[in-house]
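The next block holds one structure in the form of C-alpha cells; read it before the comments.
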C-alpha cells in the first residue's frame, strides 16, 4: 500500500491517489467484478458478490495485522483528532485510514460496523484488537493500560523479525 505522510500532521498517514496499489484498486476490482456479474459477463455471480462484500473486511484485517496501532478516522472528526493526538503525544507510531478520503470509504465503514458493532469513528485497533473509540482509548491511557498494549505488539513484531 502506498501512503504519504502529511507534513503538518505529524505521523498522520493519508491515502495517496498517485499510487497504483492499495484499497482503492482492490475495492474497485471487486466492484468491477460485481458489475460484470450483474451484467451477465461473469458466470459465477455469487462468488463475485462475495468478493465485493469481503474485500473491505480483508483489507481492514490486513492493515490491522500489519500495524501495531490503526486508527480508522475521518478528517473532520474532532474525536479522531483527539485520538491521533494522544498517540502522537505518546510518541507511538500509528497508521491512520481516513475513510472520507477513500473512494470506497462507506464500504469500509460498513465493514468496520460488522466487525465492531459501531459505525462511529474513530475505530481504534491496538495489537490486532479493537479497543474502542477515542473515549475508550483515553480511558485506557489514564488507567495505564494503553502503552503496555502497544509495547506488547512491538515486542511481538521484533521477535518475529529475529526469527526470520
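The backbone N, Cα and C atoms fix where each Cβ goes, and this holds for glycine too.
Pulled from Swiss-Prot, these are the features on record:
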{"type": "TRANSIT", "residues": "1-19", "note": "transit peptide"}
{"type": "MOD_RES", "residues": "20", "note": "phosphoserine"}
{"type": "DOMAIN", "residues": "57-157", "note": "domain 'Glutaredoxin'"}
{"type": "BINDING", "residues": "68, 153", "note": "[2Fe-2S] cluster binding site"}
{"type": "BINDING", "residues": "74, 109, 121", "note": "glutathione binding site"}
{"type": "MOD_RES", "residues": "77", "note": "S-glutathionyl cysteine"}
{"type": "DISULFID", "residues": "77-80", "note": "disulfide bond"}
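Shown here: features listed in Swiss-Prot, placed on the structure.
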| residue | record | Cβ contacts under 8 Å, 6 or more apart |
| --- | --- | --- |
| 68 | [2Fe-2S] cluster binding site | 92, 93, 94, 126, 127, 150, 153, 154, 157 |
| 74 | glutathione binding site | 80, 98, 99, 100, 121 |
| 77 | S-glutathionyl cysteine | 121, 122 |
| 109 | glutathione binding site | 72, 99, 119, 121 |
Listed recorded positions (80, 121, 153), ranked by Cβ neighbours within 10 Å, top entry: 80
Assigned element (helix, strand, coil) containing residue 121 (glutathione binding site), judged by DSSP: coil
For the glutathione site built from 74, 109, 121, further residues of that chain with CB within 8 A of the site's CB center: 72, 73, 77, 80, 99, 100, 105, 112, 119, 120, 122, 123
Arithmetic mean of per-residue pLDDT over the domain 'Glutaredoxin' (57-157): 97
